[in-house]
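Student: Got a structure here, written out as structure tokens. Questions coming.
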Amino acid sequence: METFGESTATAAPPVAELHLHIEGTLQPELIFALAERNGIQLPYADLDELRALYEFTDLQSFLNLYYANMAVLQTEQDFADLTRAYLARAAAGGVRHVEVMMDPQAHVSRGIALETCVNGVASALTTSEEEFGVSSLLIAAFLRDMSEESALDVLEQLLAMDAPIAGIGLDSAEVGNPPSKFERLYRRAEEAGLHRIAHAGEEGPASYVYEALDLLGVERIDHGIRCMEDSVLVDRLVAEQIPLTVCPLSNVRLRAVDTLADHPLPAMLAAGLNVSVNSDDPAYFGGYVDDNFAQLVAVHELSARDRARLASNSVRSSFAGEARKAELLAEVAEWEKAAGA
Ligand SMILES: [Zn+2]
């Protein structure tokens with residue numbers, strides 16, 4: 001592939017991005033552009049004032065800004081523009097397949113119609129492979145700090161409108177909102193034939209990872225880094241090769257780890273865990289997938305072979321069809337050959 005000439009010289013292999021919140025790709029520049037288009041008065045005088053707020057102390061301090069900024073997303077066009085901006089940037093950084101999470105409740109609760117957010121994001125994803133060479137799926141993520149009734153209500157509406165979603169996820173404030181709160185939601189999603197993933201073990205304890213697996217029946221764990229505190233859990237995750245979608249820069253920004261040098265990713269890889277590298281909320285956490293790889297490589301010993309393994313893990317752990325997976329695994333192998341040469 002043409003676009004490969006460059007990327008072989010960089011730290012990042014071609015990957016599937018499995019942990020990405022579309023609302024977290026809202027860049028400060030786009031916030032100002034959309035505010036102007038929609039006649040919204042922002043509480044910040046300029047870009048610098050907004051950027052100064054991106055120093056987070058924990059997950060909640062980030063979520064406060066995250067939800068406030070969403071106010072600029074009003075129309076289908078806004079959601080489509082947001083999604084296309086992400087796809088263009090991600091494609092340039094080596095993303096070849098993406099499973100985009102969106103938070104419908106975060107929009108419905110501020111008066112945006114479900115159709116507006118779903119159709120806006122979906123319209124950009126429909127042309128993503130053709131336009132950017134990035135195949136894609138949409139995942140509806142539910143806010144764990146809201147009630148299960150609210151999640152079930154939105155899921156029923158999504159099913160009734162035949163929304164193009166491939167699965168459901170669970171995100172937002174983790175501590176105090178264990179997976180066990182959402183057993184009925186996940187049972188309903190299973191009945192509806194949807195894939196199931198959930199954030200667990202980011203700020204919350206290792207026990208939340210067990211709950212997500214055993215009570216919700218998830219196929220992947222988002223984050224999961226705190227599994228490293230429980231060797232029995234690590235053994236199980238290795239034996240079952242449960243995918244963990246790790247987001248190193250996010251963990252540093254939200255203070256789940258002190259510095260990137262302290263990040264457990266290399267240890268997780270060495271333990272035989274099925275880990276991949278993802279950007280989570282790249283506009284807020286200082287980088288896209290390729291930035292995560294570049295910064296990891298700058299502080300950790302990660303050979304081209306390690307990086308190729310992270311990339312092939314991401315492809316195999318995706319919900320892409322078998323033919324697409326085979327295509328992308330061949331690209332990863334080609335990258336590894338070129339990078340190792
Ligand atoms: Zn996340």
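Yeah, the Cβs are placed from backbone N, Cα and C, and that goes for glycine too.
Since the structure is predicted, the reported quantities are computational estimates derived from the model, not experimental observations.
Relevant sequence annotations retrieved from TrEMBL are reproduced here:
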{"type": "ACT_SITE", "residues": "Glu202", "note": "active site, proton donor"}
{"type": "BINDING", "residues": "His19, His21, His199, Asp280", "note": "Zn(2+) binding site"}
{"type": "BINDING", "residues": "Asp281", "note": "substrate binding site"}
{"type": "DOMAIN", "residues": "14-335", "note": "domain 'Adenosine deaminase'"}
{"type": "SITE", "residues": "His223", "note": "site 'Important for catalytic activity'"}
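Describe the structural context of these features.
Tutor: A sphere of 10 angstroms centred on the C-beta of Glu202 (active site, proton donor) encloses 23 other C-beta atoms.
For His199 (Zn(2+) binding site), the count of additional Cβ atoms within 10 Å of its Cβ stands at 27 [all protein chains shown]. In three-state terms derived from DSSP, His199 (Zn(2+) binding site) belongs to an extended strand segment.
Under the DSSP three-state reduction, Asp281 (substrate binding site) is assigned to coil, being neither helix nor strand. Every protein chain considered, the tally of other Cβ atoms within 10 Å of the Cβ of Asp281 (substrate binding site) stands at 23.
Taking Cβ-Cβ distances under 8 Å and a sequence separation of 6 or more, the neighbours of His223 (site 'Important for catalytic activity') in its chain are His19, His199, Ala200, Gly201, Glu202, Leu244, Thr245, Val246, Cys247, Asn251, Ala256. In the three-state DSSP reading, His223 (site 'Important for catalytic activity') counts as strand.
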Student: Out of His19, His21, which has the highest number of nearby Cβ atoms, where nearby means within 10 Å of its Cβ, if these are the binding-site residues?
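Tutor: The most densely surrounded of these binding-site residues is His19.
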Student: Calculate the per-residue pLDDT averaged over the domain 'Adenosine deaminase' (14-335) and state the result as an integer.
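Tutor: That region's mean pLDDT is 96.
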Student: Can you list which of the recorded positions Glu202, His223, Asp280, Asp281 have their Cβ under 6 Å from some atom of ligand 1?
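Tutor: From Glu202, His223, Asp280, Asp281, counting a Cβ under 6 Å from ligand 1 as near, the near ones are Asp280.
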Student: Using C-alpha atoms only, work out the spacing between His21 (Zn(2+) binding site) and Asp281 (substrate binding site) and round it to an integer in Å.
Tutor: 6
Student: Sorted by position, what residues of the same chain at least six away from Asp280 (Zn(2+) binding site) have a C-beta under 8 A from it?
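Tutor: The answer is His19, Leu20, His21, Gly24, Cys247, Leu249, Ser250.
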